[in-house]
Each structure stands twice: as C-alpha cells, then as structure tokens.
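Asks: What TrEMBL records for 15-33, 45-66, 98-118, 125-144, 181-209, 327-346 is transmembrane segment. Look at TrEMBL and you will find 131-271 tagged as domain 'Fatty acid hydroxylase'. Marked as domain 'Very-long-chain aldehyde decarbonylase CER1-like C-terminal' by TrEMBL: 447-617.
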Amino acid sequence: MGAPLSAWPWENFGIYKYVLYGPFVAKVVYEWLYNEEHSYYNLSWCLHLLTLSALRGLIHVLWASYSHMFFLTRNRRILQQGVDFNQIDKEWDWDNFLILQTLVASMACYMFPFLQYLPLWNAKGLIVALILHVGISEPLYYWVHRKFHGDYLFTHYHSLHHSSPIPESFTAGHATLLEHLILTLVIGIPILGASLMGYGSASLVYAYVLIFDFLRCLGHCNVEIVPHQLFQKFPFLRYVIYTPTYHNLHHSDKDTNFCLFMPLFDALGNTLNQKSWQSHKILSSGSGNGDTVPHFVFLAHIVDVSSSIHVQFVLRSFASLPYTTRLFLVPCLPVAFLVLLAMWVWSKTFLVSFYYLRGKLHQMWVVPRCGFQKTKVHARSMILSYIQPSINYQKLLVTNLLLNESLNGGGKLFVDKHPNLRVRVVHGNTLTAAVILNEIPQDVKEVFLTGATSKLGRAIALYLCQKKVKVLMLTLSTDRFQRIQKEAPLEYQSYLVQVTKYQAAQNCKSWIVGKWITPREQYWAPRGTHFHQFVVPPILSIRRDCTYGDLAAMRLPEDVEGLGCCEYTMDRGVVHACHAGGVVHSLEGWSHHEVGAIDVNRIDLVWEAALKHGLRPVSTFTH
C-alpha cells in the first residue's frame, strides 16, 4: 500500500474515468433545454468548467505536438534522447489533474456561490491576481517544492514526476494526487483572492489558468524557444520568467531551480543553478546540439490520408499503438487532407521519428507523397532533394528507400547518377525475402506465387526452386517468366511453372501473395491454406478456414533506445523487414550498396546477420 494521497481514486477506471464529467454535461444539457434565455449571464458555470478543462488539455497536446516536430526542433532539443514506450505508458493518465481540479472548482462554486455569477471582465482583477501570484503563489510553490525534495516526500511522492527521463508537456501533469492538490491551491489563491475582493471575472479565470498551464508546458517541453537575446537586452527578465533549459536543469540536478515560473525565488533561496544562463544561451542559439548526422535513415512515404495522422507530432499516444482506424479520426480527416495538400505543394522530405541503437542514431524521414502518387517526376524530384545534400555528409549514412521499383530501380538510379556517393543506398528487400522464406515450413513441396515477376517474387521463386520446391508462378507474361526461369540453375528450372489462372492452385495450401487478390480469388485456395504476404495493403482476411500472415517484419533488438512510435500497423518495437534490412546493413558495416535486383545468394547471409544482431522475426497468423 502506497503513502497517503499518492494514488488517484480513479486510477483503475481506465477510459471510464471521464464519466466523472457526466454530471457537468448533464447540468449543461438540462439548463440549455429549460432556460428560455441563452445569454452569457445564463451560461452554466458547469459549461465554463468543461470548456476550461478542454482548453487546458488542448494546450498540453499542442505543446507535445510541437516537441515532436523534430523537423523544426531537433537543433534546439535540450535532451537528445527520444521518449520511449515506457515513459508514454507511465504518463498515459497525465490528465488526471484536469478531472481533480474540475471537481475542486465545482465545490468552490457551491461554497462561494458568487463564483457562479462572475462578470465577463474586470481589469482590476488581473492586477490583483498578479500581485497575489507573485506575493503568495510563487513563494508558496517554491517552499513546498523544496520540501518535496526531502527524503520521505521525494521517495513517496515527487519521484514519480522525476521518473520521466525526457520532460514533455505531459510530464507536467504526471504527478501524485497530493502534489496536484497543493498545485490546485497554488492556482486557486490568486483567482479566489481577487474574487473575494470583488474583482473576479470569467476572463480572469480563463486567462490565469490557461497562462499557468502554458508556462508549465513551456518549462517541460524539452525545446528551448526563448531567445537568449531577450535576456541580453533586458537582463532583469531572467529573474522574472524561467525557460525550458532552466527547468530542465532542475530535472537533471534535483537540488537547484525549484521555482514555479520566476527564478527570482531561486536567487533569493540560493538554489539557482550557475549553469542556467550559459546553457540557455547555447541551446537557444541552436549551437548546443548542432545538426547531428544520423548513421542510418529509413526513407518512407505516406500510405494514405488517415494513416498520415499516425505520427507523434499529431498525437503521441495514438502513434505509440499499432495503426487501426478509429472513430475519432473521422473529424480529423478533412484537416489532414488539407495539410497533405499543402505539404505536396511546399514541403520537402522531413524527419518524423528517431531512435538510438548501440550508440548510433537511426532516423525515419518521410517523403510528403502518398503511395497512389508515385509518378516518376514527383518521386525522383523528392528523392533527389533528400539524397543530394547527403553526399556532403562527413559521417556514414545508410538510406533505405521504401519506394516503387519502377521509379528508381530499387535505388540503382541514384547510385548510377552519383558514382562517388558517400551514402550507402540499401533497398532492404533481401531481408524481406528472407523473412517470407523462413515462414514457409520446410516440408512444403509446392507453393503458389502471385506477383511472381516482381523483384521480391523473382527472388522468392529462384530461392525456392533451388530447395526443390515447385513454384506455381501466376503471370500472363511468358517472356518475363522465361527470363526468371533462365536465371535458375539448369537442374532446377523445371521447378518453376507458369500458370495463368487461380484455378491452378486449388490443391496448393501455401499461397505467397505479392499482388492483391480479391475475396473471390481467395476462394480458389483449399481449406487449411496459409496466405503469406508481401503486398501492401494486406489482403482481406475473409476465409475462416484459412490462416493469414502479416506483412514481413522483424522486431528490433532489445537494447533499442528512445523508440516511442509504431511503424504503421506493426506492434511496438517491430519494423517492416525492409527497414530491418537497412538496420542489419548498418550494424554489419557493409560497404556495398544494395540496389537493383535481389541477390538470391545473399538471402541466407542477411538472415543470419539479422539474427546475430538480435533482430527477431515476427509472424502473425490470423484466421
């Protein structure tokens, strides 16, 4: 059992904790239906509390979104590590304090009924609230905060807040019930004090609370946005308002920088960190981190409009789970579509996520184009806009191109164009082929292959025929089939068989799907068939008497650091096999490019290298 008031009363409610807002909603609806006059003075105080709670939550979400816009913030990030799944899960219920303070505010409205009828505006109230904040709230918070860093209080209460390695706006709300009760008092003193003096107003409540949350999020955003020139021109301001760097030093050096928003109280209490101003100057100028060169880049494109929302800078919690269609996405789609239109016109390739693996920086960059937009002109211009600056990098960069083979020859276009390219271009599909092939049971003697003449289909067919597995290659092009057949050793060519109809596979229970097939075509498969897949999007799982494999994927090694987002529909820590192929190439330190056709003779080598470095295959079978 924990210390008193260390746990939240509704911590086991899950999503049902929001039912606590129910009475407020019911009162608003009731008064709206039965009040004849709908003016400001007849607005329910419950509606104000609900609106304020929603706005406060939005402030935290927007700050988190900004922190994850790495294409804007990477040079001014204070801590370079990423926010991992563990921190995201710990901070999942960051908004508990919003429910608490809404309930406390409702009790205050019943205890002091005049709060229900505050005027819209009173300028004197703002001045009084500012005086009460500086004179009472700031020193009270400073004193209490120092006490919470004592042994008992820190161990049983405040250590929860400091357990987040990378401060973010959600970290501001991640604390115990006791701490937020005290913070509620700190917030309430200026508002209630001004109201008791007769200077209260609705504008004061909204302004003070929203600015309070804004500054709290500012201090925890892990991005330095306050220009150091401001403090150079007006030196006294450094004691009036803190900065993200200032508060970050408190999280790293827990014995300094205790203030709420005003470093003046740290100066008076002799707890001001001496590195505060110099660190702020370095980070705000963008010179503290520089433009860190990644060791590996996975270059991807947008799948469709709805999945474009599945990124950390939109909603961190949603991006930390495998992508599925959710109801809340529907109202977001028009906005997402408009943003994509703007990106198609003005945006270039940009950084969307990153992680560290064995001390090396791995990044994912996105081309602002959807899969259905793969025209040669667009694809080449966007890729070249990324690859050209990479030639000048002093460090090694591995690039994985998740693009159509017909557009760039699996990366061969860029290698031929830049023979002295310092970047190693890797399509990663050798490992994709290896994952698919290792899913096939060793006792299988016959497979049916669609997409048989594609880059992956060719490699799979040539590999299997050399294992004396009969491959029924579905293709209408005899010329393409014969070219692939001639690549096989003479003694194995008879294992490659061209078929032109799905009926040819009605007795084959191993289907390898590289081209999308309709539900009707699936019914040619016999009962008990397993569908292996390398087609995007995956085929529909409609046969209950069959099993379906997921897209080829591998789980990253356990020592991956700072990974906090899922790659499309993949589970946490799992990436597409082509992504994993680039990772293996990087870890092995191979100096060659992997472009063009897949080298069948290297499939086993790449597979063994992946297992050696701790990557594990992920096979998901669904009925």
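Going from the start of the chain as shown, residues are counted 1 onward.
A Cβ is built for glycine as well, from the same backbone N, Cα and C atoms used for every other residue.
A TrEMBL annotation is a machine prediction, not a hand-curated record.
Are these features on the surface or tucked inside, and what touches them?
Replies: For the transmembrane segment (15-33), the residues of the chain that approach it from at least six positions outside its boundaries are 42, 44, 46-47, 49-50, 53, 93, 96, 99, 102-103, 106, judged by C-beta separation under 8 angstroms.
Residues of the same chain lying 6 or more positions beyond the ends of the transmembrane segment (45-66) and with a Cβ under 8 Å from any Cβ of it are 21, 23-25, 27-28, 31, 72-73, 94-95, 98-99, 101-102, 105-106, 109, 115-116, 168-170, 172-173, 202, 205-206, 209-210, 213-214, 217-218, 220-221, 223, 313-316.
Tertiary proximity for the transmembrane segment (98-118) is limited to same-chain residues at least six positions away from its ends with a CB under 8 Å from its CB atoms, namely 8, 10, 17-18, 20-21, 24, 41, 45-46, 49-50, 52-53, 56-57, 173, 177, 180-181, 184, 187-188, 192, 195-196, 200-202, 204-205.
Cβ atoms under 8 Å from those of the transmembrane segment (125-144) belong to residues 182-183, 185-187, 189-191, 193-195, 197, 199-201, 203-204, 207-208, 258-262, 264-266, 269 of the same chain, restricted to positions at least 6 beyond its ends.
On the 0 to 100 pLDDT scale, the model's mean across the domain 'Fatty acid hydroxylase' (131-271) is 97.
Outside the transmembrane segment (181-209), and at least 6 residues removed from its termini, the chain residues within Cβ reach (under 8 Å) are 5, 48, 52, 55-56, 97, 100-101, 104, 108, 112, 114-115, 118-122, 124-126, 128-130, 132-133, 136-137, 140-141, 144, 175, 260.
With a threshold of 8 Å between CB atoms, the same-chain residues lying at least 6 positions outside the transmembrane segment (327-346) that come near it are 302, 305-306, 308-309, 368-370, 373.
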Asks: Can you count helix, strand and coil residues in the domain 'Fatty acid hydroxylase' (131-271) using DSSP?
Replies: 98 helix, 1 strand, 42 coil
